[in-house]
Structure formats: structure tokens, C-alpha cells
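Undergrad: The following block contains the structure, expressed as C-alpha cells.
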């Protein structure tokens with residue numbers, strides 16, 4: 001089968017695969033099977049098989065090539081746990097603490113985390129059924145409207161490209177913690193070259209890099225949580241000194257400190273506190289940005305029917321331990337009125353660094369900053385991968401130039417990687433302007449684009465559910481089923497939509513009008529709908545009818561592939577297989 005996103009119709013291809021669906025009776029018949037061999041298509045070459053199934057032409061598949069399933073289980077699991085944990089959790093969260101207080105931040109990260117968990121459940125159901133490179137733009141084009149696939153695809157590419165800039169900018173700022181005499185352009189150049197090298201050769205190299213980076217981040221965050229617990233109970237080295245902290249408990253949540261700071265320019269304290277909590281939601285959304293990368297990587301994962309559901313379930317623990325407990329740990333070890341949170345400059349403003357410094361622990365701040373640098377570089381690496389795959393998905397949908405489909409022998413969409421990496425050159429803006437100011441621009445812009453990505457994924461999921469019902473696919477036929485769907489999908493959809501609509505509310509308050517603030521808050525909203533309107537008018541697309549939605553193209557080749565079962569030989573392997 002192959003897919004024409006303009007007509008949204010599926011038709012038989014030369015690839016010679018059955019799609020596992022009985023169109024006469026309308027019933028699923030299990031895994032598809034290879035019906036015939038094709039000249040030039042090796043029996044074990046699943047990559048060419050998938051490409052032929054999607055493009056509808058074996059010659060196109062052989063000419064352009066296709067991405068390779070080189071991401072092993074451990075790569076996918078560690079990407080799910082720590083792949084895109086970056087500067088939002090280590091740096092960006094400090095400003096939110098200073099402005100709104102620890103309880104407001106905890107509530108903001110928890111509420112956003114619940115919505116993220118619901119969204120990932122929905123995205124996991126679609127990705128396990130049909131794991132495609134880029135994923136979200138293709139799901140939107142197939143299940144909702146090709147114009148929506150166009151809008152979310154280009155929106156996602158812009159989001160990933162700008163987040164790449166934000167992470168590189170943050171990494172350069174962190175290096176300034178040790179040496180601020182060398183021009184930041186030098187560090188930006190080095191980081192860009194390293195990230196490009198990790199993405200341009202083979203996806204397995206990218207996977208290994210993310211496995212190592214994620215391992216470092218996971219070990220560090222677990223260590224910091226334990227350290228915060230010890231500091232909170234009075235175990236810091238300076239506890240016996242006259243100005244030592246002693247046992248903290250929830251000292252910084254009580255008077256004279258404020259657990260929930262009222263937003264400025266509000267006469268009513270309760271209203272101010274509510275606005276403070278709402279304002280943390282935008283900051284939290286930036287920190288969670290890229291969590292959907294597991295689905296994006298599904299098209300290059302080994303045994304995706306097993307590994308994607310496993311990874312999606314692990315997102316819950318990532319949210320709980322790293323974001324929720326992380327924000328709680330910071331809240332009990334650092335007072336919100338510590339001037340370094342807003343005036344520390346770069347890595348010195350990291351609440352984790354401040355907490356360790358206040359506890360009187362030498363050397364450790366340097367280690368934490370090294371980890372922050374690793375995290376920023378890792379996230380930049382991840383967003384270059386993500387952005388290139390979104391561009392690749394657009395080319396598959398015939399919504400971007402076809403030359404972008406060209407892959408190397410190692411299965412890397414080379415032009416997609418190079419073009420996305422070139423956007424990283426915008427990071428040099430931090431050399432001419434204030435790095436913190438430019439980082440703030442990137443933060444706001446990428447937050448809104450991330451929110452649109454999640455909203456689009458949820459709308460696509462609702463369309464997917466309707467298509468499954470209309471075409472006789474039962475939940476029991478699916479490798480993974482979202483918990484409490486579709487109710488959770490609707491709740492998360494409303495939650496994210498509210499943040500998008502009101503994220504720039506402050507500029508409308510009396511005396512706060514700011515053209516730059518308004519443009520930054522809403523330009524990506526206008527951009528998304530402009531993309532949608534352009535493709536809707538240009539191609540005269542229509543909403544997809546559930547009975548005609550293409551939930552099959554590309555599935556047969558994957559169903560025909562047999563993945564070896566991992567059987568642990570001893571207790572250590574059993575533990576490792578459970579982890580990774």
C-alpha cells in the first residue's frame with residue numbers, strides 16, 4: 001500500500017505486501033505477510049520494504065533509500081527517560097522559582113506533567129500501531145486533514161530548529177561559568193560541529209550518544225534528589241556553623257518566605273497567586289518540550305511494537321522523578337528570594353548549583369555545571385535528530401521537496417540533517433545580543449510550537465480512534481492502548497489549548513502593553529494557522545472521513561518482519577532487560 005496525502009487514498013503498490021486487512025469483510029486479519037518477491041528487494045531488507053510500501057514504487061525506494069531501524073531497545077528506553085531533559089529543568093526553572101515561589105512551580109510542573117502523560121499515552125497508541133519516521137505530521141495528514149499535516153510538520157521543524165538554538169545557546173552560557181574571556185562564538189561553533197557529527201553518520205551513533213548522555217543525566221538527577229533530601233534533613237557540611245542551614249524541612253515555604261508568590265500588578269492576593277501558578281505552566285511546557293521524541297524515533301527503532309509501548313510507559317516515571325520530585329527538591333533547598341536565581345548569570349543561576357553552594361559543598365557546583373553542559377549538548381543533539389525527521393516526514397507527505405528523501409547508505413536523511421543544522425547558525429545572535437535575552441526569545445517561541453505539536457497529536461489521535469472504529473479495528477488488535485482514552489485526550493487537549501490562548505495574557509493588562517512581548521507570545525500561533533490555511537487553499541484539501549482514513553499504508557512491511565525474542569540467561573540480564 002502507499003499513501004497520497006493530497007487525495008488521502010490508499011492504493012496497491014508494487015511493493016508486494018499485504019496490509020493485514022480484509023477490505024471485503026472489514027476485519028483485521030493479524031500480521032501482514034510478504035506476498036511476492038521483487039527484483040532488487042532483498043528478503044531481509046525491511047528498510048527498502050517499508051519505503052516501497054510508503055512510496056508505492058520500488059524504484060523510488062531504491063533511488064532515495066530509507067531510514068534504518070538502528071535504534072536498539074536500550075537507546076529507545078533511555079531516550080524516553082532522559083533524552084530531552086535539558087536546560088529547562090536545570091536552568092530555566094530558576095526564574096520561575098524566583099518569580100512565583102516553590103509551591104506554584106510544583107503545581108505547574110505537576111499539572112503539565114499529567115497532561116503530558118495523557119498525550120504520550122495517545123501518541124504511543126498511534127506509534128505502536130504504525131511507527132513512521134517523523135510520525136506526528138503523517139498521523140495528522142492521514143487521520144485529520146493533509147493541511148494539518150503540513151502545518152504541524154513545518155511547525156514542528158521550526159520548533160526543533162529553534163530549540164536546537166536554545167540548547168546550544170545555553171551550553172555556551174554554561175561554559176562561561178569556567179571561562180568567560182573567550183568569545184562565545186567559539187563554543188557555539190564547537191558544539192554545532194559535535195552535534196552534526198553525531199547525527200550525520202548513522203542513527204546508531206546518535207542512539208549511542210543519547211544513551212550515554214541520558215545515563216549521565218539520570219544518574220545525576222537521582223544523585224541530586226538524594227543530596228537534596230540529605231540537605232533538607234540538615235546533613236550539609238555547614239550545619240554546625242553559626243550561619244549554617246541546619247535542618248530545613250519546608251522552611252522556605254513559610255513566613256517570611258512565600259510558597260506561592262502573587263503575580264505583580266495584582267491587588268488581590270488570591271488572584272495574584274493563581275496567575276503565578278498559570279505563568280509556571282509556560283515554563284513547564286518548555287521543560288517538557290521534546291518528550292514526544294520517542295514517537296518520532298519510532299520509525300527507526302528495532303521491534304517498535306514492543307519497545308515503543310515500553311518506552312511510553314516509562315515517561316510516567318520520568319515525569320514523576322525528574323520533574324515533579326525535582327521541582328520539590330529545589331523548593332525545599334533554595335529560598336525563592338535568593339538573588340542568584342535572577343542575578344547569578346548563566347549557570348550560576350541554576351537552582352541546583354545554588355542549593356549546593358548554600359550547603360557549603362565545594363567542587364560539586366563544577367560537576368553539576370558539567371552535567372548541565374552535557375544536558376544542553378544532548379538536547380541539542382536530540383532536537384537536530386527530531387527536526388531532521390520532521391522534515392523527512394514532510395517530504396514523505398509530498399509537502400516538502402522530494403530531494404529531502406535522499407538517505408545515505410547508513411539510512412540518514414542527509415539533506416534534512418544539514419538543512420536543520422544550518423538553522424543552528426542563528427545561535428550566533430547571542431554573540432551580538434544578550435545571551436539571556438535571546439534565550440528568553442527562544443524559550444517562548446519553542447514553548448508555543450511544542451504546545452501546538454501536542455495539540456495536533458491529540459487531535460490526530462481522536463481521528464485515529466474514529467478511523468479504527470469505522471474500519472473494524474478493535475482495541476484488542478492494537479499493540480498498545482492508551483489508558484482512559486479518549487477522555488484523557490480531551491482533557492489534555494483543552495489544557496494545552498488554554499495555555500496557547502492565554503500565554504501572553506500579561507501584555508493585555510493595564511500598563512503592561514509591549515509590542516515585543518505580544519509578537520513573541522503569539523507569532524507562532526499565527527504561523528501555525530497561516531501554514532494550515534495556505535495548504536488548505538492551495539491544495540483544496542478536505543477533512544478525512546474516518547472510513548477513508550489510511551491506517552494501513554506502511555504497516556504490512558513492518559508486520560512481515562520477525563524480531564528475535566530477548567531471553568535473559570541470568571539474573572543480571574533479567575534486570576538489564578527490564579531497565580533497557
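Note: Cβ is positioned from N, Cα and C throughout, glycine not excepted.
Predicted automatically and left uncurated, TrEMBL annotations should be read as such.
Here's the feature list from TrEMBL:
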DOMAIN    75-544  domain 'Amino acid permease/ SLC12A'
TRANSMEM  78-97  transmembrane segment
TRANSMEM  103-120  transmembrane segment
TRANSMEM  156-178  transmembrane segment
TRANSMEM  185-205  transmembrane segment
TRANSMEM  211-231  transmembrane segment
TRANSMEM  315-334  transmembrane segment
TRANSMEM  367-392  transmembrane segment
TRANSMEM  412-432  transmembrane segment
TRANSMEM  438-464  transmembrane segment
TRANSMEM  484-505  transmembrane segment
TRANSMEM  517-535  transmembrane segment
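Walk me through the surroundings of each of these features.
TA: Packing against the transmembrane segment (78-97) from elsewhere in the chain are residues 71, 104-105, 108, 166-167, 170, 174, 207, 210-211, 213-215, 217-218, 221, 279-280, 283-284, 286-291, 293-294, 297, 311-312, 314-315, 317-318, 322-323, 326-327, 330-331, 334, 336, 341-342, 344, 347, 349-352, 354, 371-372, 375-376, 378-380, 382-383, 443, 580: each is 6 or more residues past its ends and has a CB under 8 Å from a CB in it.
Only residues 6 or more beyond the boundaries of the transmembrane segment (103-120), in the same chain, are considered here, and those with a CB under 8 A from a CB of the stretch are 93, 96-97, 253, 259-261, 273, 276-281, 283-285, 287-288, 291-292, 294, 312, 315-316, 319-320, 323-324, 327-328, 330-331, 454, 457-458, 484, 488-489, 491-492, 495-496.
Same-chain neighbours of the transmembrane segment (156-178): 86-87, 91, 136-137, 184, 187-188, 191-192, 195, 289-290, 345-348, 366, 369, 372-373, 376-377, 379-380, 383-384, 386-387, 390-391, 394, 420-421, 423-424, 426-427, 430, 435-436, 438-439, 442-443, 445-446, 449-450, 452-453, 524, 527, counting only residues six or more beyond its ends whose CB sits under 8 Å from a CB of the stretch.
The list of residues near the transmembrane segment (185-205) in space but at least 6 beyond its ends in sequence, with Cβ under 8 angstroms from a Cβ of it, reads 67-68, 70-72, 75, 164, 168-169, 171-172, 175, 300, 377, 380-381, 384-385, 388, 410-412, 414, 417-418, 421, 424-425, 427-428, 430-431.
Within the chain, the transmembrane segment (211-231) has long-range Cβ neighbours (under 8 A, six or more residues past its boundaries) at 74-75, 78-79, 81-83, 85, 89, 245, 248, 321-322, 325-326, 329-330, 332-333, 352, 355-356, 359, 368, 371, 374-375, 377-378, 381.
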Undergrad: Mind looking up the mean pLDDT for the domain 'Amino acid permease/ SLC12A' (75-544) in the predicted model?
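TA: Summing pLDDT over the domain 'Amino acid permease/ SLC12A' (75-544) and dividing by its length gives 87.
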